[in-house]
Amino acid sequence: MTDRADADRPATSPTGLRLYDTMTGAVRDFVPLRDGHVSIYLCGATVQGLPHIGHVRSGVAFDVLRRWLTAKGLDVAFIRNVTDIDDKILNKAADAGRPWWEWAATYERAFSAAYDALGVLPPSAEPRATGHITQMVELIERLIDRGHAYTGDGDVYFNVATLPDYGKLSGHRIDDVHQGEGVATGKRDQRDFTLWKGAKPGEPSWPTPWGRGRPGWHTECVAMCEAYLGAEFDIHAGGMDLVFPHHENEIAQAEAAGDGFARFWLHNGWVTMGGEKMSKSLGNVLSIPAVLQRVRAAELRYYLGSAHYRSMLEFSETALQDAVKAYAGVEDFLHRVRTRVGTVVPGDWTPKFAAALDDDLSVPIALAEVHAARAVGNRALDSGDHETAMTQARSIRAMMGILGCDPLDERWESRDETSAALAAIDVLVRWALDSRADARNRKDWATADQIRDRLKEAGIEVTDTADGPQWSLLDGDSKDV
């Protein structure tokens, strides 16, 4: 999927890979900073609630990038952070009457379970924001010393006016910038953004030279990027909704601190429903457990990865079932070859498959090559040409392995994904229902009802019975608690 005419020329980089860089608006040759090594930072989850399929699309998309780079013989350092301190986390935990750290840890586990269910490789490191307060404070001190940040009413702000090219990633003109942070009395200019939030009653806080408080979101990622990958690294990735203000503000801090930061900026498109971004605030989310009640994890992974990573993925039941059928066709062919001919070990991917992935991870074209090989293999198998059938099957295994959904991989064959997903969600639902029971014992009916309602929003129905509460996925099987 290319956006510029010159992007059609063959790759000339040592890796053979060309990627669309949001900063330049063009597909560029990817040349790592260090020969043979690639450093990637992916903005991970803000662990405020159960993951939905929109949340995990970035994990699937950039898992393919990581697998492809690794297959090319490159050593990949892949960092995916966890935002475990945030306004939404604090507010939701307070509403539920739970400690904020317990709330964050619970949903961090839920995200980890979702990534694992979808076959996303674990990151090289998965730093939590709260584990890097020291690095954040040091970064803010550098910005203050360089004249790019100032204190006000216990907070610390970044002075946007000190960077004339602010907005270069998103295309925002500096005079038109609006941070969406609301009115803050300590700000000199409403275009400025928060680096550090002064302590408030009942909120967690850490000591700093300018008083107790907690970090701003944008500061967290800069500190963690540089702690693990250094002042300059290869790729910074995330959802397209992060381009502004989050990634724009990361760039501002890093450059103001004198660091090179990311050389490529990659952004994946949203999962949409009815043309709208899948979002809890819009009420149009599909939780991972709810979807895995209808399809297998490998099928959901195939679906999420079937569109080009930069395009919008409009969710529909028809499209999901089309993906299920397409995956089944590949799976059935491999099983037929294994039954009739023998063990199928991964072989070589085709040149067209490699060319597709080298062209900004054009997975739809790569999948077309998979299905072309399947068609050739099926004809060969039906005609008794077992050698050709096996060659095609081995190639398919190699290609589907890069895409993370090889049907003969032991992770997909060795377990019942639906049962595993239900077991994982059962742990989380039990925790929520224990909280609800505590609230009912305190006669805090409002909190008890709120927990039940939030579970329902996530696709989980709770029914009170004489034997205790039962939960079920909406339109699914029930489970005693």
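Each residue's number is its place along the chain shown, starting with 1.
A Cβ is built for glycine as well, from the same backbone N, Cα and C atoms used for every other residue.
As the structure is a computational prediction, the values presented were derived from the model and not from experiment.
Look at Swiss-Prot and you will find Cys43, Cys221, His246, Glu250 tagged as Zn(2+) binding site. The ATP binding site feature in Swiss-Prot is assigned to Lys280; the stated evidence is sequence analysis. The feature motif ''HIGH' region' is assigned by Swiss-Prot to 45-55. Marked as motif ''KMSKS' region' by Swiss-Prot: 277-281.
As a whole-number mean, the pLDDT of the motif ''HIGH' region' (45-55) in this prediction is 93. Non-local neighbourhood of Cys43 (Zn(2+) binding site): Ser58, Arg80, Asn81, Cys221, His236, Ala237, Gly238, Gly239, Leu242, His246, His247, each in the same chain, at least six residues away, with C-beta under 8 Å from its C-beta.
Highlighted in sequence order, Trp217, His218, Glu220, Val222, His236, Gly238, Leu242, His247, Asn249 have their Cβ within 8 Å of the centre of the Cβ atoms of Cys43, Cys221, His246, Glu250, the residues recorded for Zn(2+), and are not part of that set. Break the motif ''HIGH' region' (45-55) down by DSSP state and the numbers are 3 helix, 2 strand, 6 coil. Counted within 10 Å of its Cβ, the other Cβ atoms near His246 (Zn(2+) binding site) come to 18, all protein chains included. All chains included, 27 other C-beta atoms sit within 10 angstroms of the C-beta of Glu250 (Zn(2+) binding site).
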